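J.: Got a structure here, written out as structure tokens. Questions coming.
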Amino acid sequence: MSLWGWILLACAISIATKFLGFLVPATLLDNPRMLRVAGSLTIGLLAALTAVNTFASGQELAVDARVVALLVAAVALWLRAPFLVVVALGAVAAGVARLLGAA
Amino acid sequence: MQLLQSPAVRIALSVAIATGLYGLSFGALSVAAGLDLLQTMALSLLLFSGGSQFAFIGVVAGGGSGLSAMSAAALLGIRNGVYGMQVNVLLRPPRWRKLPMAHLTIDESVATATGQTDPQEQRRGFWAAGIGVFVLWNLFTLVGALAGNALGDPATWGLDGAAVAAFLGLLWPRIRAREPAAIAVVCAVVTLIAVPLVPPGVPILIAAVVAAVLGLSGLGPATEGLEPDVDPYPDGAAGEPDGARSGVARQSEGAGRSEGAGGFGVALQSGVPRQPGVPRQSGGREDA
């Protein structure tokens, strides 16, 4: 399937997931295990995506300018900077690190 | 004019601006990942869930297949199903409104609504934040994508560093206690171990399985991880005494939010569905 196909399928699944929540009985909310899985999935996936985008280069692991971006972003978040500022600082950090010779 | 005096609407507008603005980074990163302008806009218009959209382009940027990208986006969107249930119980919409409301069901609209105690304010907060974020998110996605197209090669501008920062920024507000931090670390390590062993994109799905197992095995409170990217009530829910956010509640954003976002799930459990915003000193921690 083409990328377009996967994009539209992802969109359809997203809408269906949200809508399904409006259709199922509310008693499902009494299930703490269900809530916990939804929460831990969110955390686990975001952590995995952070790790891959920082260290993966295809199927290899690499330590390069992106690590600098990670560290700078962490400091900015710790200082409670807004999301957009964090993202911009990440870009600047990686860019500067490359200018200074990081891979 | 009268609407602007509604506390929920005012909060919704500031949330919409803050969230909408980071559509800029989504648009720019999406075209840098190789999606074209139309594909980028399709994600923002139709998928409309920031985390899932970033997940999709994050997998594509790493060389993952369309199937992996779609799976990551779908799994990250599961929490929206939970939000859907919560909104349905909280606002009790007539049937014909459920589909548009479902589409506007995202972290920010749910958090804005559930931070209010008055049913009418909850309804206003949901619609104002939902529509506000939708409009601005799509507008700024477009601007970001056009700017990203003009920039050219992502590596020279450090856009890959921007992606790293974006994912950390999405993860950060959900890590306010030991349990979610442990889940995050375990999943990150599992992912990196898997990177050399399986095709790109698949490590993220392996991490999802590990996260689900950790969740099933009962690590952490029930509402952990279900926090908005932009917290509408960073200094406590509207009208809530400060004390409720100090100590344990402040230490864990999951617990803190329980008075707001996930909290009425807890309120439901104790049989008071019409008072979802009641502040809880316990912070709603439910250790199974």
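Quick reminder: no glycine exception, Cβ is built from N, Cα and C everywhere.
Computed from a predicted structure; not experimentally measured.
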J.: For the feature transmembrane segment as recorded in TrEMBL, pick the matching range from B:55-78, B:79-102.
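T.: Checking TrEMBL against the ranges B:55-78, B:79-102, the transmembrane segment one is B:55-78.
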J.: Please indicate, using numbers and ranges, the residues of the same chain that are 6 or more beyond the transmembrane segment (B:126-148) and have a C-beta under 8 Å from a C-beta there.
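T.: Distal contacts: 3, 6, 8-9, 11-13, 15-17, 19-32, 37, 40-41, 44-45, 48, 50, 87, 91, 101, 103-106, 108-113, 159, 232.
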J.: List, by number or range, the same-chain residues at least 6 past the transmembrane segment (B:154-173) whose CB is under 8 A from its CB atoms?
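T.: Contacts of the transmembrane segment (B:154-173) (Cβ under 8 Å, skipping residues fewer than 6 from its ends): 22, 25-26, 28-29, 32, 50-51, 54, 58, 61, 148, 184, 227-229, 231, 253.
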